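Okay, so here's the structure we're looking at.
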Amino acid sequence: MKESIAVLGAGSWGTALAVLLAHKGFRVNLWARRPELATALRETGENKTYLPGVRLTGTIIPTADLPAAVKGAGLVVLSVPSHAVRSTARLLKPFLPKGTVVVNTAKGLELETKKRLSQVLVEEGLDRVAVLSGPSHAEEVGRGLPTTVVVAAADRETAEYVQDVFMDPTFRVYTNPDIIGVEFGGALKNIIALATGMADGLGLGDNTRAALMTRGMAEIARLGVALGGKVLTFAGLSGIGDLIVTCTSMYSRNRRAGILLGKGQSLEEVLDAVGMVVEGVRTTAAARELACQHGIKMPITEEIYQVLYKGKPVGDCVAALMERPRTHEVESGDW
């Protein structure tokens with residue numbers, strides 16, 4: 001048996017990663033915040049709430065005891081929603097040996113501070129942090145379908161350590177030193193998935209979806225590069241790769257939420273119907289404020305913000321985007 005790994009967060013993604021790591025021979029302590037969920041996982045051998053149909057092997061140990069989950073773990077995987085990253089880090093820190101690698105898998109920004117989640121973890125005293133991102137729906141990873149992702153960290157040793165832990169015949173992992181770009185790509189694509197979902201809900205067709213994805217990628221890269229990311233990162237797995245899967249997949253919560261909004265449901269009704277965290281809602285507000293602070297144009301993000309927080313009709317956003325003043329496609333383009 002290999003070293004043990006703690007996966008904190010027993011939602012769909014945490015469960016899928018626990019299954020992947022257990023398949024590789026690791027003992028996995030899967031921490032659930034709610035004791036009743038941990039009990040259900042132990043008794044049924046399945047996460048029927050968040051990842052039904054995927055069996056949990058005997059080397060996955062569900063628990064609601066955080067100190068027990070972390071004790072002896074060579075690696076900690078953080079799979080909680082973005083708004084819970086800081087509070088979970090504070091719970092984790094007293095029990096974490098110095099130098100333990102913590103891999104964040106949430107894709108979002110902290111709404112209150114507008115900070116990337118790796119920044120939040122470092123602020124809370126976690127000294128070796130990596131980020132795992134890319135086009136990777138839990139429903140497919142849990143079933144062992146081929147998936148390719150990227151891990152970013154401040155140093156190569158940490159990134160390659162995480163790469164080796166997760167690399168599997170069905171789960172290919174690349175490394176990237178650009179942690180800023182990787183995090184912004186993973187977070188901001190959820191906004192564009194809301195937009196494409198709204199277009200689908202309105203029945204606007206493939207042309208509209210393609211336009212939103214393409215111009216959405218321009219917005220993502222514009223803000224990400226302004227805040228220190230590398231432009232090529234946004235052409236990679238954590239950028240365009242994650243954008244494609246999140247904007248087109250039936251598994252995408254953000255796309256599903258957008259579809260329901262496009263069909264006229266209120267945000268409250270949509271969140272209740274989806275039943276799980278829709279990261280794009282909070283990320284839209286955080287990204288809009290960052291864009292305003294840094295003078296970055298993000299017209300799609302602005303329109304999604306108006307829908308989510310100001311009650312603007314979705315159909316009016318289409319007209320607002322289509323009737324913007326004419327401009328160049330590529331800002332640096334010369335004739």
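From the backbone N, Cα and C atoms, a Cβ is placed for every residue, glycine too.
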Candidate sharing the sn-glycerol 3-phosphate site with LYS107, GLY134, SER136, ASP242, SER252, ARG253, ASN254 (per Swiss-Prot), from LYS189, LYS310, LYS312: LYS189
Recorded NADPH site member, picked from ALA84, ALA138, ALA226, that accompanies SER12, TRP13, ARG33, ARG34, LYS107, ARG253, VAL277, GLU279 in Swiss-Prot: ALA138
Cβ atoms near GLU279 (NADPH binding site) (within 10 Å, other residues, all chains): 26
Close binding-site residues near LYS107 (NADPH binding site), where close means Cα within 10 Å, chosen from SER136, LYS189, SER252, ASN254: LYS189
Site of maximum Cβ density within 10 Å, from binding-site residues ARG33, LYS107, LYS189, ARG253: LYS189
Spatial neighbours of ASN254 (sn-glycerol 3-phosphate binding site) among the binding-site residues SER12, ARG33, GLU279 [C-alpha, 10 Å]: GLU279
DSSP three-state assignment for SER252 (sn-glycerol 3-phosphate binding site): coil
Greatest C-beta neighbour count within 10 angstroms, which of the binding-site residues SER12, SER136, ASN254: ASN254
Intrachain C-beta neighbours of GLY134 (sn-glycerol 3-phosphate binding site), sequence separation six or more, cut-off 8 angstroms: THR147, THR148, VAL149, VAL150, GLY186, LEU237, SER238, GLY241, ASP242
